[in-house]
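Listed in Swiss-Prot for this protein:
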REGION    1-72  region 'Head'
MOD_RES   Thr7  phosphothreonine
MOD_RES   Arg12  omega-N-methylarginine
MOD_RES   Ser13  phosphoserine
MOD_RES   Arg30  citrulline
MOD_RES   Arg36  citrulline
MOD_RES   Ser38  phosphoserine
DOMAIN    69-377  domain 'IF rod'
REGION    73-104  region 'Coil 1A'
MOD_RES   Ser82  phosphoserine
REGION    105-115  region 'Linker 1'
MOD_RES   Thr110  phosphothreonine
REGION    116-214  region 'Coil 1B'
MOD_RES   Thr150  phosphothreonine
REGION    215-230  region 'Linker 12'
REGION    231-252  region 'Coil 2A'
REGION    253-256  region 'Linker 2'
REGION    257-377  region 'Coil 2B'
MOD_RES   Arg270  citrulline
MOD_RES   Ser323  phosphoserine
REGION    378-432  region 'Tail'
MOD_RES   Thr383  phosphothreonine
MOD_RES   Ser385  phosphoserine
MOD_RES   Arg406  citrulline
MOD_RES   Arg416  citrulline
Amino acid sequence: MERRRITSAARRSYISSGEMMVGGLAPGRRLGPGTRLSLARMPPPLPTRVDFSLAGALNAGFKETRASERAEMMELNDRFASYIEKVRFLEQQNKALAAELNQLRAKEPTKLADVYQAELRELRLRLDQLTANSARLEVERDNLAQDLGTVRQKLQDETNLRLEAENNLAAYRQEADEATLARLDLERKTESLEEEIRFLRKIHEEEVRELQEQLARQQVHVELDMAKPDLTAALKEIRTQYEAMASSNMHEAEEWYRSKFADLTDAAARNAELLRQAKHEANDYRRQLQSLTCDLESLRGTNESLERQMREQEERHAREAASYQEALARLEEEGQSLKDEMARHLQEYQDLLNVKLALDIEIATYRKLLEGEENRITIPVQTFSNLQIRETSLDTKSVSEGHLKRNIVVKTVEMRDGEVIKESKQEHKDVM
């Protein structure tokens with residue numbers, strides 16, 4: 001009976017942070033005590049999935065870059081060839097000119113040095129003139145800037161004076177209006193006093209007439225009742241008294257009217273003088289305002305020209321800033337493309353490093369398994385047809401201090417013509 005010992009072990013393991021992946025065990029799942037693992041011939045690890053769309057895009061970008069570089073290289077080659085031809089042509093011309101110069105020198109001495117010295121003196125003189133003109137223009141510019149500051153200060157002062165004059169004019173106008181209102185009030189009072197005087201005169205005349213009528217009636221009554229006594233003296237005395245009283249009242253009213261009229265006349269004269277002064281000052285302020293307005297217009301024109309020059313300077317600076325921004329954007333794009341390419345290379349390097357780490361871990365695991373085996377694997381080539389399945393159970397113990405203790409049980413099955421003849425188990429301890 002032919003005996004064949006079949007011992008095979010194949011597994012994949014990945015250890016990270018105290019976790020282990022064996023065979024088809026999901027990543028991140030821990031092995032508990034008494035876990036039974038079936039170790040058999042496993043297929044080789046599948047390659048990492050590749051994003052072909054990204055690879056195609058990178059390949060297309062690489063092709064475009066290579067095409068642009070090739071076109072640029074061809075253009076540079078053409079330019080270099082044309083440059084070489086031009087250099088050769090200039091060298092030939094230089095040789096011809098050198099030969100002609102030698103011929104001229106051989107014929108007779110020239111005065112080129114004197115001609116060049118004269119031209120150099122002229123150029124130096126022009127340079128000195130331009131330097132002097134530049135200095136003069138700078139001085140004029142500084143003077144104009146100083147004059148501009150002075151004019152601006154003067155404009156501010158004149159503006160303040162104009163505002164003050166306008167305020168004073170408004171105050172004078174208000175005073176003139178008040179004087180006009182006072183004059184109108186005095187005129188109304190004068191009219192009311194004249195009406196009162198006329199009313200008093202009318203009342204006085206009526207009183208005199210009534211008194212005369214009363215005297216006449218009393219005289220008639222006395223003449224009828226008495227035997228015509230002589231009342232002429234009494235009537236004359238009474239008439240004299242009333243006339244004196246009326247005359248004194250009239251005189252007092254006229255005096256009061258005259259005093260009131262004189263007061264009103266003086267007030268009107270004073271108000272008229274104030275109004276005349278206000279009008280004169282208003283005319284002066286108006287003339288000053290016109291002159292200040294002319295100065296303001298001239299300064300406004302100067303200010304507009306300076307603002308126009310400033311806008312032109314700002315526009316030129318804006319264009320330069322825009323060009324600098326565009327150059328900066330291009331540089332940032334190039335930097336970003338370089339960063340992306342570097343990130344891609346780093347990702348590729350990280351993937352390769354992960355693959356290397358996984359391979360190192362698998363190699364270490366295989367080495368541990370092979371060291372734990374007592375018997376070597378001897379499988380003849382012709383017995384692969386009778387090869388069945390070999391089961392291996394793997395028991396794990398507790399994990400302590402970052403090391404994983406495992407009991408590896410190797411089960412050996414002897415088969416013949418598809419029938420199991422003998423089974424044996426061997427237990428090995430392994431610490432990782």
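Indices start at 1 and increase along the chain as displayed.
Glycine residues also receive a Cβ, built from the backbone N, Cα and C atoms like all the rest.
Given the structure is predicted, the values throughout are model-derived calculations rather than measurements.
The distance from the Cα of Thr150 (phosphothreonine) to the Cα of Ser323 (phosphoserine) comes to 38 Å.
The Cβ of Ser82 (phosphoserine) has 10 other Cβ atoms within 10 Å, all protein chains considered. Within 10 Å of the Cβ of Thr150 (phosphothreonine) there are 10 other Cβ atoms, across all protein chains. Across the structure, Ser323 (phosphoserine) and Ser82 (phosphoserine) are spaced 31 Å apart at their Cα atoms.
Outside the region 'Linker 2' (253-256), and at least 6 residues removed from its termini, the chain residues within Cβ reach (under 8 Å) are 197, 200-201. Taking only the Cα positions, the spacing between Ser82 (phosphoserine) and Arg270 (citrulline) is 103 angstrom. Within the set of modified residues (Arg270, Ser323), the lowest number of other Cβ atoms found within 10 Å of a Cβ is recorded at Ser323. In the three-state DSSP classification, Ser323 (phosphoserine) falls within a helix. Across the region 'Coil 1B' (116-214), the model assigns an average pLDDT of 83.
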